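Report on the following structure.
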Amino acid sequence: MLIAVLFSTCALVAGRNVYVDLLGENSPFADAASIERHLTKMQRLNRLQSKIMGVRPTSNDQINFDAEPARPDLLPYLFEGDIVLTDNQMDSVLKNAEDQLWAKQGGQSRSRRSMTSYLYARWTAFPIPYYINTGSGVSEPAVLAGIARWEADTCITFTRQNNRPNGNGIEFFLGSGCYSMIGRVGYSSQQISIGHGCTSLGTVTHEIGHALGFYHEQARYDRDNYVSIVSKNIQNGYLSQFTKQSRSAMEDYGVGFDYGSVMHYDQFSFSANNRYTIQTIDTNYQQTIGQREGPSFMDVKRVNLAYCNSTCSSTLPCLNGGYTDPKNCAVCRCPTGFGGTLCDRAATNPAQCGPGDLRATSSLQLLSASGATSCSFVIKAPLGRQIYYEVPTFRFTAANLCSYNFLEIKYAADLQRVGARYG
């Protein structure tokens, strides 16, 4: 048996009228009529999702589009809180929901055209042109940091322009929250809003992730194997924010579900009572979901497989979920905690952590770390034996579970996945 252990130390938006929020120079909607169509479809999706989840309808089930959002990435009038869909994309989402309801009611599976052509239009020309609309008040450093992170980890490149791109490209601006479109849309520039409260690296890379073609992790077709949606804790009218995509609609490039994805909702998203709306099946992962530090290993792997799979002429026999690095074809890109050319050993530790490759014995051993540092340990046991561990005590500085202060244990068979975090 093998486990990996990692130690790491380290605004609300005022309610506004939805038409005011979505109409303007940078609006993805052409006019008030297009907004009205969108809102009508959102209400329809909410009714369908209520039936899919078996929730009895009440008089309060209409979405209150003018409600004050709890966070700028949980906008009630956008799909899943931060996604702007085209008419065709929304129609495909509705058809998928209808098919799920039909199947739940005992109907035979319907033959539908895959949504992939709408929702996963990949970018085909690089570098991707982008424009930072500084006149809108958007944070230039935040945008640049988000772009730099994706460029550092993938083969995708961007090029800055002084004006809004005429063809395919991205415009970053200060809007009424954090939101993006899905994939490359049409043949003109598309918008990403980095509003107030949206400037963390994790949030910016999350919105760029949508533009690269990715949905939220908890919307995966296989999400029910990993998380449960707690409908009784969701605000009235917001069940539509927890839709599940069909297998044909979501290309995952062979990369499995990741609790630690930067694309995953946190456990309190759209909560009516400050209780969990998303419960992990394995409760050890409850504090892992919703991180906004930045893209996880599996987030990056998915993007690299989607866009960079032909970069290297040959592949390496990488271990532990690693893969040939498109930024350097001579080495493997390794999951957090692993290192070496083939990801066959623990990542190199700072001196104060001690060696990273350890062997479990019949006697209890102590691992400890202090100060601002990041330590990784790969613990192996003899064949046929299990590893037993205790966490007697640990203390971090007072903060949210964050990205920078946590103990992470990877014990699942898939060691590329972010592990169970405690903080």
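We count from 1, first residue shown onward.
Any Cβ shown, glycine's included, is placed from N, Cα and C.
Annotated Zn(2+) binding in TrEMBL involves His206, His210 plus, out of the candidates His196, His216, the residue His216. Other residues of the chain with a Cβ within 8 Å of the Cβ centroid of His206, His210, His216, the Zn(2+) site, are Glu80, Asp82, Ile83, Ser180, Glu207, Gly209, Phe214, Tyr215, Val262, Met263. Around His206 (Zn(2+) binding site), the C-beta neighbours below 8 angstroms that are at least 6 residues distant in the chain are Asp73, Asp82, Cys178, Val262, Met263, Arg292. Geometry remark: His216 (Zn(2+) binding site) versus Glu207 (active site), CA distance 10 Å.
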